[in-house]
Amino acid sequence: MHFPKFGGKDVEHKDRAGDVQSPDAASADITTEQKVTFAAAFLGLVASIGGFMFGYVSGQISGFFLMEDYMERFGELQSDGSIVFSAARQGTIVGLLCIGCLVGALIAGKLADTLGRRLTISAFAFWSCVGIVIEVSSEKAWYQFAIGRLVNGVGIGALSVVVPMYQSESTPAIIRGVIVSTYQLFITLGIWTAEMVNWGTNKKVGSASWRIPNGLGFAWALILGAGILMLPESPRYAFRKGREEEARNTIAKLAGVEPNSPSVNAQIDEIRAKVEEESEGVDSIFEIFTGPRMLYRTVLGVVLQAGQQLTGANFFFYFGTTVFSATGLSDSFVTQLILGSVNVACTFGGLWIVKNAGRRMALIVGALWMMACFFVYAFVGHFALDHNDPSNTPTAGAVLVAFSCLFIAGFATTWGPLVWAVVAELYPARYRAPAMALATASNWLWNFLMSFFTRYITDAIDYLYGLVFAGCCGALAIIVFFFVIESKDRTLEEIDTMYVQKVNPITSAKWVPHEKRHGAHESASASDAEKNEPATA
C-alpha cells in the first residue's frame with residue numbers, strides 16, 4: 001500500500017524567507033481552513049490497530065475459561081473429579097495482563113520521547129508477538145500461559161499510551177477527537193472479534209478451541225508493527241527535534257491545506273511559542289507535578305483514566321460469559337456476543353458525539369446513565385434472581401441482560417471513547433509523554449485490581465457489587481462537572497492555555513483566545529468605521 005509522501009524539503013515556502021506574517025494570518029482561526037482528509041483518517045485507523053490488539057486480548061479470555069480443553073489443561077482438579085478455576089488462579093491469569101500493561105505504560109513515555117512515536121509503536125507491537133508465542137505454546141502449566149499474558153501486556157500497555165499520543169499530536173483539531181476516539185472503537189472491534197472467534201471455535205475438540213483465537217493476535221501485531229512505519233512522525237515531536245519543515249509538511253498534508261497557508265503558519269507559530277515557553281523550565285520528570293498547572297492536570301488525567309475502569313465496563317468484558325451462565329441463559333457465548341455487538345454499534349455513535357456534542361456534557365450524562373443501569377442491575381440480581389436455580393426466574397435474567405446492554409451503550413458512546421480523547425488533550429508537548437504514561441498506568445492498575453478481586457467480591461456480595469460501580473459513576477459525573485474543561489475543536493496549544501489561565505470548566509465552552517478576541521474587536525471596529533465613513537462622489 002502506498003501512502004502519500006510526507007516530510008523532506010520537496011515543498012518551497014517562498015513567502016517564509018524574511019516575510020512578515022500579516023495580522024490577518026497571525027490571528028487566523030486554525031480550524032477554519034482544515035479539511036477531513038484521507039491521510040488523517042488513514043493515520044488514525046492504522047494507529048488504532050493498537051486498540052484492536054488491546055480489545056482482542058481482553059475479549060478472548062472470558063470465553064477460554066468455559067472451553068473444555070482449556071479447563072482440562074489449566075484448571076484445578078477437584079476431589080469429585082470436576083475441574084474448576086479458583087478465584088486466585090482465574091484472577092492471576094486475567095490480571096497478569098494488566099500488570100504487564102502497567103509496566104508497559106510506565107516505560108512507554110520515555111521511549112516515545114527518545115525513539116519517536118512511530119518507532120515506539122512499531123517496537124512494542126512486535127514485542128507483543130513474543131507474549132503470544134509463550135501463550136500458544138503452553139501445554140499444561142497454567143503459569144506459562146499467565147506469563148505469556150504478562151509479556152504481551154507490556155506491549156499492549158505501551159501502545160495504550162503512545163497510540164493516543166501520536167494521534168492527538170498529528171491530526172487536525174477539527175477531527176482530533178474523532179481520530180483519538182477510533183482507538184476506543186478499535187478496542188470494541190477487538191473485543192467483538194475475539195468473541196466471534198471464540199463462538200466459532202469453542203465447540204472444537206482439542207486445543208484448537210483456544211489456540212486458534214489466541215494465535216490470531218499475532219496477525220494484528222504484525223500489521224501494526226509494519227503499517228505504522230508507512231506513516232509520518234508526529235509533527236509536534238518532529239518540531240521539538242528541530243525538523244520544522246517536516247512538521248510543516250505533515251500538518252499541511254493531514255489538514256488538506258498548503259504548507260504556507262495561514263492556518264499552518266499560525267499552528268507552527270503556536271507550537272514554536274509553546275516550545276520556547278517550555279524550554280525555560282528544568283527538564284525533570286517531576287515537572288509533571290511542578291510545571292504550569294501540571295499538578296491539577298496530572299491528577300485529573302489519573303482520575304479520569306482510573307474512572308474509566310471504575311465505571312465497571314470491564315466487569316462484563318472479563319467475566320461476562322461466567323456471569324451470564326449464572327443467570328441460567330442457555331448459551332452465554334451468544335449473550336456475550338450480543339454485548340460485544342452493542343458495544344461496537346454504540347461506539348460509532350460515540351464518534352458522532354465526540355465530533356458534535358462536546359466532551360463535558362457527554363461524560364456527565366454518560367456517567368449518570370451508567371449509574372442508573374447499575375442500580376437496576378444490582379437490585380434485580382440480588383433480590384429478584386433465584387441464585388440456586390436461575391431458570392426459575394427467567395424475567396430477572398432477561399432484565400439483567402437488557403440493562404447490561406443499556407450500560408454498555410452508555411459506556412460505548414461516552415466514557416469509552418471520550419476518556420482517551422480528553423486525556424490525550426490535557427498536557428503540553430513537554431510533559432505529554434510522562435503525564436500520559438502515568439495516567440494510562442492508573443487505568444491499568446485499576447484494570448488489574450478489578451480483574452483480580454472481582455471474583456472474590458462477587459462471591460461475597462454477588463450482584464450488589466453493582467452498587468460500587470454506581471457510586472463511582474455518580475462521583476465521576478461530579479468530577480467532570482467541576483474540573484474538566486470543554487476542549488472540542490480547540491488546538492492542543494489553546495487547551496494548554498485554558499488550563500494555565502485557570503478557565504472555569506463550567507463556562508469553558510464560551511472561552512475565546514485573547515488574540516481572537518483582539519482580532520474580532522479590530523474587525524468590528526473596522527466595520528463600524530466603514531459604515532460611518534461619508535460617501536464620496
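Just so it is clear, glycine is given a Cβ too, placed from its N, Cα and C backbone atoms.
Taken straight from TrEMBL:
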type	residues	note
COMPBIAS	7-18	compositional bias 'Basic and acidic residues'
COMPBIAS	528-537	compositional bias 'Basic and acidic residues'
DOMAIN	43-488	domain 'Major facilitator superfamily (MFS) profile'
REGION	1-26	region 'Disordered'
REGION	513-537	region 'Disordered'
TRANSMEM	40-67	transmembrane segment
TRANSMEM	87-107	transmembrane segment
TRANSMEM	119-136	transmembrane segment
TRANSMEM	142-166	transmembrane segment
TRANSMEM	173-192	transmembrane segment
TRANSMEM	212-231	transmembrane segment
TRANSMEM	299-321	transmembrane segment
TRANSMEM	333-354	transmembrane segment
TRANSMEM	361-385	transmembrane segment
TRANSMEM	397-423	transmembrane segment
TRANSMEM	435-457	transmembrane segment
TRANSMEM	463-485	transmembrane segment
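Mean pLDDT across the domain 'Major facilitator superfamily (MFS) profile' (43-488) comes to 88 in this model. Of the Cβ pairs linking the transmembrane segment (361-385) with the transmembrane segment (87-107) and spaced 6 or more residues apart, fewer than 3 are under 8 Å, so the two regions do not touch. Distant neighbours of the transmembrane segment (397-423): 164, 168, 176-177, 180-185, 187-188, 301, 304-305, 307-308, 311-313, 316, 320, 324, 327-329, 335, 338-339, 342-347, 349-351, 353-354, 359, 362-363, 365-367, 369-370, 373-374, 376-377, 380-381, 384-385, 390, 436, 439-440, 463, 476, 484, 487; these residues of the same chain sit at least 6 beyond its ends, with a Cβ under 8 Å from one of its Cβ atoms. Residues 57-58, 61, 65, 74-76, 124, 131, 142, 145-147, 149-161, 318, 437-438, 440-441, 443-445, 447-448, 451-456, 459 of the same chain lie 6+ residues outside the transmembrane segment (87-107) yet bring a C-beta within less than 8 angstroms of a C-beta in it.
In this chain, the transmembrane segment (333-354) lies in contact with the transmembrane segment (173-192); the count of Cβ pairs under 8 Å, excluding pairs fewer than 6 apart in sequence, is at least 3. Listed by sequence, the residues of this chain that lie at least six past the ends of the transmembrane segment (40-67) yet keep a Cβ under 8 A from its Cβ atoms are 3, 85, 90, 93-94, 97, 121, 125, 128, 149, 152-153, 155-156, 159-160, 162-163, 166-167, 170-172, 175, 178-180, 182-195, 197-199, 202, 209-210, 213-214, 216-217, 220-221, 223-224, 227-228, 230-232, 254-255, 314, 317-322, 325, 332-333, 336, 340.
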